Every structure is written in structure tokens, then in C-alpha cells.
Amino acid sequence: MFVDRVKIHIKGGNGGNGMVSFFRAKYITHGGPDGGDGGRGGDVIFVGDESMGTLMDFRYKRIFKAGNGQDGGKRNCFGKDGESITIKVPVGTVIREAESGKIMADITKHGEEKILIHGGKGGKGNQHFATPTRQAPRYAEQGRVAKEYDVILELKLIADVGLIGFPNVGKSTLLSMVTNANPKIANYHFTTLSPNLGVVEGRYGDSFVLADIPGLVEGASEGVGLGHEFLRHVERTKVFIHVVDAAGVEGDDPVENVRKINQELEAYNPELLKRPQVIAANKTDIPGSEENVERLKAAYENEGFAVYPISAATNTGLDELLTKVAEILKNYPEDIVFEEEYEEYDEVAVDQEPFTIDIEDGVYVVKGVGVEKMIGYTNIDTEKGFAFFQRYLKEKGIIEALEEKGIGEGDTVRIYDMEFEFWK
Ligand SMILES: Nc1nc2c(ncn2[C@@H]2O[C@H](COP(=O)(O)OP(=O)(O)OP(=O)(O)O)[C@@H](O)[C@H]2O)c(=O)[nH]1
Ligand SMILES: [Mg+2]
């Protein structure tokens, strides 16, 4: 089965901690600080791979962690950097942060790489903290904790041509006749539940990729009949072959049916109706369809949709239809790509997200991504750790902000699950 949406967990590698150590050798009792730096954590990288057609691989492996940096060692030994991991995804994969739904990346080309999480920086060893007045620093920096996210991978097909239309009109039959794809074909609705792709070899011009998209129904744009899932795929095809049952086998009116599908396209995304579309009036081997073909022409040709009578089952009229489609593709503006519009995801900006200070029952409550993380990787129970944390609060302007809010000596500050009294 075709999997086109999965949730996975990714985590960058943490930086290794800096080391506290002092040079020791015979006859030297008070050697200088020689604690090495921690290694950098590994990155989490996504790369487009055209040999992958689905997100199937992610059904079994859902957690991806880059390697942590090693802690620094004695005698200036640097910790080794953690290993980065590269996650291969099919071309056309959109990566969203699960919680906010924000798009973090859109992989549209083979070989395109995107670093989603940078590994945490390694902490500096104590040798960096020596000053003329403090020659034996007992402090080393902790490694930075890397980010982790639940992300949703969503595959949006990128095909040149998409077959759209109501269920059971013969889309899969058409695909099977003009490509080497072998989709399931049957006389009932929703035979196709996930897109099938085939390549139309260069008989009509350049080869192109044809996608058989599951049947749409009225209300698809509001999500009826998995409408959203299916319309997502429609969005990324350049040209539509709109297949309609010209014989009206199910007793409905083909002219109306074309209108209904186009209304769904428009309601989902008005851009879709601006894309080139040709109407394939199918099942013309069934007597009585000629009249409907003429009605379709009368209704749509002056709207710019060419109508081609075909019979997918008996391979009639397909050459003319595909020649036309190949010609449209040939003249297609090159610079049109169907990428998601999204703001570049900026890890650094998120890192510097501002903090908030609220006063609740006389307690000064500080919140913010940065401080929360800082608490996560500082051991505030030790005096050194606490001093380090205080320095952080000062550097980030949090102390100043607290004072602006009117904090006095001895007032209580709460930062997540930590509380302390404020003393200058
Ligand atoms: N007589 C006739 N029957 C056709 C023709 N094309 C398809 N059919 C039949 O119509 C039925 C539906 O065909 P499919 O190709 O599965 O239709 P579909 O549009 O892919 O349907 P969904 O996957 O459910 O959306 C099958 O029984 C086909 O044999 C045609 O040109 N003439
Ligand atoms: Mg089908």
C-alpha cells in the first residue's frame, strides 16, 4: 500500500560536556587546567531520493537520533563529534513540525539536502576559563542539548500529468493502457485508494509521468471521501486529464460531472482551475455516448478545455489525447514549480525566542524556550551550576527585565519547576 503521511521523531546529537581537569605529573603539584572540549553533536539531515516512491520505509523505523558528542577528556583531549544522520525521503516530501504544523522543509529535488536539526555545540573545557586571578577554574561548560521534534512527513506527488475525475470513470484503465503501470481496475467506486504512477514513453514527445489519482467526489474539498488526501496529490501535477464517463453508465450527466469536479478543484485551491486541462470523454465504445461528446464540446470548448472522445478499454482516441498533452507540456512555462510556500525555518531565531515575565501572587514567573532549555542542561543544585545559570540570566537580559518589573531583594522567582530568591 502507498503510504503518504507518517509521523516520526527526530533528535539532534547533544554536545559533549567540557572537562574539568588539571595537569598532573611527577614533581608538579599544581598544574594548569587541561580539561578538553566536548565534541559537537551530529546533525539531522534530510535528502531527496528519486529512487524512493513512498514513505513506506518509515512504517517500521520512526525514531531517528544523531550521535552525541563525546565529553572532553583530560590532557586537552577533545571529545569526538557525534555522527550526523541522513534520512532519505522521496522527492516531493514536505516536512512539518507536528505540534505547530509549521513547514520546516520541502524536498523537491533529487539530492537536495536540508539540515533540520543542528547538533548541539560541545562545552568548553576548564582550560578556557582560566584568568590571571583564577588559575584553577573548577568549572567547565556543559554541552548544548540538541533539539528534538515530532515531524510529519507528507508526500505530495510530483507528476507531469494527473488523471482526475469521479470514481469508476476509467482513470486507472487509461493509465494501464498508456504506461507499463498495472493498477487495479474494477467496476466499483474507489478501486484506487492511493495514486499510481506510470511513465508515458516518448512516443508523443518527451516522456512524462502520469499519475492516476483516486476518484474525487462532491464535497472532496471539504474532506468528503478522503478528498483532502487525494486533492493534495492533484496540487502537484502540471496538467490535468479530466476523465469523464461519456456513456453515463451510472445514469448521471457527464456535463454536470465535469462541472462538479472543477468546482471541487476551485474550492480546494483556485490556482488549480488555471492549470491546463483536457477533457477525456471516455467509454465512447458504448452506444449512445456520441450525443454526450457533442454536449461536452458545446459546454467546455469555449471555456478553453479541449474535449477528446476516447475509449480507454479499446485503446481508441488515446494517441490524439496524449499528443495534445505532450504538446502542452512542451510549451509549459519552465519556471513554474509547485513548491509549498513557507518561511525558512530558522533554528537560531527559535533559540533566541523572547522570554516572558508574569507576576503571579507576588512570584515572578519567567518563561521562554531558551530558559527552559537552559534549566534542562544546567545542574543548578551545585553552586557552580547555579552561578553559571545566574550568569546566563544576566547575559540574556532577564535580570534587568525582572528589575524593570519591580523585583526586590528576597522576592521569589519561578522558572518552570525551579524557585529561588532574588538577591543581587
Ligand atoms: N466500456 C468501457 N468500460 C470502461 C472503459 N474504461 C474503463 N471501463 C470500465 O469502467 C470500470 C472502472 O474502471 P477503472 O479504470 O477502475 O475506473 P477508475 O476511474 O480508476 O475508478 P476509481 O479507481 O474507483 O476512481 C471498469 O469496470 C472498467 O473496465 C471504456 O473505455 N469502456
Ligand atoms: Mg482507479
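Positions of Cβ are set from backbone N, Cα and C atoms, glycine also.
What TrEMBL annotates here:
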{"type": "DOMAIN", "residues": "1-158", "note": "domain 'Obg'"}
{"type": "DOMAIN", "residues": "159-330", "note": "domain 'OBG-type G'"}
{"type": "BINDING", "residues": "165-172, 190-194, 212-215, 282-285, 311-313", "note": "GTP binding site"}
{"type": "BINDING", "residues": "Ser172, Thr192", "note": "Mg(2+) binding site"}
{"type": "DOMAIN", "residues": "347-424", "note": "domain 'OCT'"}
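Shown here: features listed in TrEMBL, placed on the structure.
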residue: Gly165; record: GTP binding site; Cβ contacts under 8 Å, 6 or more apart: Lys171, Gly215, Leu216, His242, Val243, Val244, Asn257, Ile261
residue: Asn168; record: GTP binding site; Cβ contacts under 8 Å, 6 or more apart: Asn187, Tyr188, His189, Thr191, Gly215, Asp245, Val249, Glu250
residue: Ser172; record: Mg(2+) binding site; Cβ contacts under 8 Å, 6 or more apart: Pro183, Lys184, Ile185, Thr191, Thr192, Asn196, Asp212
residue: Pro214; record: GTP binding site; Cβ contacts under 8 Å, 6 or more apart: Pro167, Phe190, Thr192, Leu193, Ser194, Pro195, Leu226, Phe230
residue: Lys283; record: GTP binding site; Cβ contacts under 8 Å, 6 or more apart: Val169, Gly170, Asp245, Ala246, Ala247, Val249, Ser289, Ser311, Ala312, Ala313
So what pLDDT does the domain 'OBG-type G' (159-330) average out to?
92
Among the binding-site residues Thr191, Thr192, Ser194, point out the residue whose Cβ has the most other Cβ atoms within 10 Å, with all shown protein chains included in the count.
Thr192
Including all protein chains shown, what's the count of other C-beta atoms within 10 A of the C-beta of Ser311 (GTP binding site)?
22
Using a 6 Å cut-off on Cβ distance, which of the binding-site residues Asn168, Lys171, Lys283 come close to any atom of ligand 2?
Lys171
For Lys171 (GTP binding site), the number of other Cβ atoms found within 10 Å of its own Cβ:
31
Which secondary structure state does DSSP assign to Pro214 (GTP binding site), in the simple three-class scheme?
coil
Mapped DSSP class for Ser311 (GTP binding site), helix or strand or coil:
strand
